[in-house]
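See below for the structure under consideration.
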Amino acid sequence: MSTSMSVARSLPGGPVAEQILAEVAQEVTQLRAAGVTPALATVLVGDDDASVGYIRIKQRQAVQLGFASPHVRLPASASQADLQAVVTQLSADTSVHGVLVQHPVPPHLDFDRAMQALDPEKDVDGMHPVNLGRLALGLPGPTPCTPAGIEALLAYHEVPVAGREVVVLGRGATLGRPLAMVLAQKRPTANAAVTVVHTGVPDWPRYTRRAEIVVAAAGVPGLVRPEHLRPGAVVVNGGVRYAGRRLLPDVDESCATVAGAMTPRVGGVGPTTVAMLFRNAVRAARRTRSSRTPVRLPDSGAPAGR
């Protein structure tokens, strides 16, 4: 007698990203026709392989979309004053509409202090304290890219979120905490009952086992296994680590035998994060055109479903 094992439905991020980037490209075309070339400046400190790779991806995408893409690279030995001087200069440059400081920075530097030197209107990562405060209050503003991308991914694949129990496993400033705020917003693509738990809680699986949606955001490879999940749960693999160029996700691939739907190891959340970066950037450029009627792209971070 043979038995078959169910496999979770895949939730790829590629189609979501393509839809968002098509909207961005249309807006870039309109801005350029009005005499504005959107410019996204990137800042990299040091030579971390993963960070260099990320910057190359973003610069390549910027060129494809029609953005100008100035880049500043500082040595790993750069001081806090060096980094903040660059950020301040880019903030004051009227030809630059968005600024991305690639994270992580070398350990002797304070990323948060550098972000405070940035004009909040040019914060395409959504990580300036002013913009995080706006998110907490439910006010419009740049949303952190990975949380916004996760909301969009779930909406595109028609995964119901409103009223469901969501557990975010991880409390980091770039994903776990802002994602909890995003998914608790009062709108159809969010409005969830969100619990944030982390590896400092000895019995964290007690929370994930009851969740209808689990978002892994801990940055601990292989942390989430099938026994940590409720059968049929939706699983989003947001947390990753790199060993050289090898991607090590939080969610073990064997979870696909228990989950009802799951993002793939490669091509899941990553593409939507990049797409949201450019959506934030084009909106920053659009805000400089105060005299023109804005194109009304949705502010929720969630494109329409399929």
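Glycine is treated like the rest: Cβ placed from N, Cα and C.
Residues or ranges marked as NADP(+) binding site in Swiss-Prot: Gly170, Arg171, Gly172, Thr199, Val240. The annotation region 'Disordered' is assigned in Swiss-Prot to 285-306.
On the structure: features taken from Swiss-Prot.
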{"residue": "Gly170", "record": "NADP(+) binding site", "contacts (Cβ under 8 Å, 6+ apart)": "Gly176, Val196, His198, Val215, Ala216, Ala217, Ala218, Gly219, Gly238, Gly239, Asp250"}
{"residue": "Arg171", "record": "NADP(+) binding site", "contacts (Cβ under 8 Å, 6+ apart)": "Arg177, Val196, His198"}
{"residue": "Gly172", "record": "NADP(+) binding site", "contacts (Cβ under 8 Å, 6+ apart)": "Ala217, Gly219"}
{"residue": "Thr199", "record": "NADP(+) binding site", "contacts (Cβ under 8 Å, 6+ apart)": "Leu169, Ala218, Val220, Leu223"}
{"residue": "Val240", "record": "NADP(+) binding site", "contacts (Cβ under 8 Å, 6+ apart)": "Gly219, Pro221, Leu247, Leu248, Pro249, Asp250"}
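If you compare every pair of Cα atoms in Gly170, Arg171, Gly172, Thr199, Val240, the residues listed for NADP(+), the longest distance is 15 angstrom.
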